[in-house]
Amino acid sequence: MGPHFTLLCAALAGCLLPAEGCVICDPSVVLALKSLEKDYLPGHLDAKHHKAMMERVENAVKDFQELSLNEDAYMGVVDEATLQKGSWSLLKDLKRITDSDVKGDLFVKELFWMLHLQKETFATYVARFQKEAYCPNKCGVMLQTLIWCKNCKKEVHACRKSYDCGERNVEVPQMEDMILDCELNWHQASEGLTDYSFYRVWGNNTETLVSKGKEATLTKPMVGPEDAGSYRCELGSVNSSPATIINFHVTVLPKMIKEEKPSPNIVTPGEATTESSISLQPLQPEKMLASRLLGLLICGSLALITGLTFAIFRRRKVIDFIKSSLFGLGSGAAEQTQVPKEKATDSRQQ
């Protein structure tokens, strides 16, 4: 591996931060630079320009080495998430340049312009880390794993602040559940934490261990007046010293009286009055008109049915009358013809 790769690494370190370049601590960045030197440069930059390019790289390295550092702006450490974010951004832009197949002086210009922009981008990542993620605990002792950019080593850093994280006043009604929460927002991100221990503190400066374990809350069901008083929560660490201490002052309030709601089937006087008043309200004109139309429709239907029934009944009576009249005349004539015959028969016999 020639001196070109070493100078590229130095240029990258200088361009990305005004100190030792943290992104060079990422193995994927080192592999990408090796590929750039061995695979891309030979076919995209004439040999006669290699020397001039490397002189510019060397000058860039010197310029960044001479920058004065502001300790408040950059502390030379980052966490794993910040390093990964900066490395991914750099590799993405480097791949964009190599995929474009740019050559010659244009390649050199784009490479150094990309390094300049990546320096600004990574600086914003570092500033955000130092403001939001570096030692975020406002109290207690947090153990945070950091990466030292000077030697790319990971070490556990102790963010030491006051052990005392204050006192909390808790009010709970009698016969309700008491819940004491000892967890702080940075506990999950800290390393080297052990168990939560809850103590009952008595007036004679003595205390009794109530519970110990991984649970960050202490729950006591159906508290009584005897549960009022002082409690203390202590979170342990691997350093044999507490990470946080929180004090609780518990006040047990009188038992809450719950109002009994009446059954839905029982009508109270107020409800009866309301219902009666609602029933006595006059109907709206639209409802009155609809009810009248419905009544007229029903009456008309009944009258029509009655008329049809009566007409059918009358028709049947007329038909029966006609039939009876016709049959009645025929039987009378037959009787008249039969009488003379009988008389004739009698006269013959005589």
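Yeah, the Cβs are placed from backbone N, Cα and C, and that goes for glycine too.
Database features, via Swiss-Prot:
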type	residues	note
SIGNAL	1-21	signal peptide
DISULFID	Cys22-Cys149	disulfide bond
TOPO_DOM	22-292	topological domain 'Extracellular'
DISULFID	Cys25-Cys152	disulfide bond
DISULFID	Cys135-Cys159	disulfide bond
DISULFID	Cys139-Cys165	disulfide bond
REGION	148-160	region 'Important for interaction with IZUMO1R'
DOMAIN	167-251	domain 'Ig-like C2-type'
DISULFID	Cys182-Cys233	disulfide bond
CARBOHYD	Asn204	N-linked glycosylation site
TRANSMEM	293-313	transmembrane segment
TOPO_DOM	314-350	topological domain 'Cytoplasmic'
MOD_RES	Ser325	phosphoserine
Cα distance (Å, whole number) from Cys182 (disulfide bond) to Cys139 (disulfide bond):
13
Sort out the sequence-distant neighbours of Cys182 (disulfide bond) for me: same chain, 6+ apart, CB within less than 8 Å of its CB, listed by position.
Tyr196, Phe198, Ala216, Thr217, Leu218, Cys233, Leu235, Thr244, Ile246
Going by Cα-Cα distance, pick out whichever of the disulfide-bonded residues Cys25, Cys135, Cys149 is nearest to Cys165 (disulfide bond).
Cys135
Under the DSSP assignment, what numbers of helix, strand and coil residues are found in the domain 'Ig-like C2-type' (167-251)?
3 helix, 48 strand, 34 coil
Among the disulfide-bonded residues Cys22, Cys159, Cys233, which residue has its Cβ surrounded by the fewest other Cβ atoms within 10 Å?
Cys159
Going by C-alpha distance, which of the recorded positions Cys25, Cys159, Asn204 is nearest to Cys149 (disulfide bond)?
Cys25
Given the recorded positions Cys135, Cys152, Cys159, Asn204, find the one whose Cα is closest in space to the Cα of Cys22 (disulfide bond).
Cys152
Using a 10 angstroms cut-off on Cβ to Cβ distances, just flag whichever of Cys25, Cys139, Cys149 is the loneliest among these disulfide-bonded residues.
Cys139
Summarise the region 'Important for interaction with IZUMO1R' (148-160) by DSSP state, stating how many residues are helix, strand and coil.
0 helix, 9 strand, 4 coil
Looking only at Cys135, Cys152, Cys165, which of these disulfide-bonded residues has the biggest number of Cβ atoms within 10 Å around its Cβ?
Cys165
